[in-house]
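Colleague: Have a look at the structure that comes next, please.
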């Protein structure tokens, strides 16, 4: 019999469950109500749902237990929250869904949400986005901070949510489907540059963890591991997960953007009379 | 203008964030004030009676998870704690209670726990509970335990936290004593905590 207990949250967080439920319900509702020609295709829908469910799975199932008591599982959790999950969500291009809800919003709500827009625009400045993306990884993996984050329930949730939200912002900036020729979306060259730039510090950090002789993250030692595993093995696997897959995600991201750039090359010509409006 | 302000905002927020983790007092152990919830449990004592933090209210409590068949870590930790307590001025020694919580209720009966705990001093209390309750308690203090496969004789190893949680007289989580501290350092930390009003 399959163990259904695995699907139950280890650390039940009503706010997390509510957020994920709202996102999926909002997405589903918009899909059903929007004009058929706007509706994303099945591959995009699957990519979105898989991305959301992956993030939910590492936060609200037994996986979370192992993430708290094994360093390498924790690195796997962040790989999903900061990379793979948001990567799939951004790639699924949920823009039509955003548009649908934006049109539904009352003018009052829109004006209330304006500060969110300002923060969003600040965070999406290329330099800030790149520094934030790498900075958060370094911040939460800075040994004293990491120790505290694993000891305090509140900090632990702050860490995981900050990784997820920043992952969404970053990969959305990278995969924004709007053409940089026609809109103010970030140019493809800059996107590629950022993806390459963020890969390097992640590789350095991962390699440093892998080649560290001593225990860098002794919190797992102190708090007991989920199952008996040599601390060195745990640290080595965690280091590898910090080093290789994120670098690969950058490479895949670069390839996808290059493909799009080559595809659009010469096909989209900036209509001069609209230029002023769209910038 | 916004562009020039941005690095400033960023620096200030990073400073503000790191400021949260600064501490004024100097401890050898890890300061966990505010990181963990206060002391709360309902466990079974050596006589089979229910034990709560109320039974040692007003004392400094040292919480340690282990098991009596533990080959080295548990006896060493408990011995070191006893040495550290014995280095304190005589008036203080009675104000410290060590709570030894066995995470191996299968083998550690209340009687067995009682004789084991008393071996390490008068103020060492052996406690345990059924596994689900122990899971709840260890989760509260963000630690865990696990069992190895039993060998031919039925003996098995238990993975558990190697740190000692220190709670002050009011039951607030204050320090985490990681392995590697000398008894002198532990003693100094306890004295500092005891001298608090």
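Note that Cβ sites are derived from N, Cα and C of the backbone, with glycine treated the same way.
As the structure is a computational prediction, the values presented were derived from the model and not from experiment.
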Colleague: Which residue range, A:192-211, A:212-231, is the one TrEMBL calls transmembrane segment?
Modeller: A:192-211
Colleague: What else in the chain is close to the transmembrane segment (A:12-32), if you only count residues 6 or more beyond its ends and a Cβ gap under 8 Å?
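Modeller: Same-chain contacts beyond the flanks: 39-40, 45, 48-49, 52, 55-56, 59-60, 94, 96-97, 100-101, 157, 161.
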Colleague: What stretch of A:79-101, A:122-142, A:192-211 shows the most Cβ pairs under 8 Å to the transmembrane segment (A:154-172)?
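Modeller: That would be A:79-101.
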Colleague: Within the same chain, where does the transmembrane segment (A:192-211) have neighbours whose Cβ lies under 8 angstroms from its own Cβ atoms, ignoring anything closer than 6 residues to its ends? I mean 6 or more beyond.
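Modeller: Cβ under 8 Å, 6 or more out: 126, 129-130, 133-134, 137-138, 141, 173-174, 235-236, 238-244, 246-247, 250-251, 253-254, 257-258.
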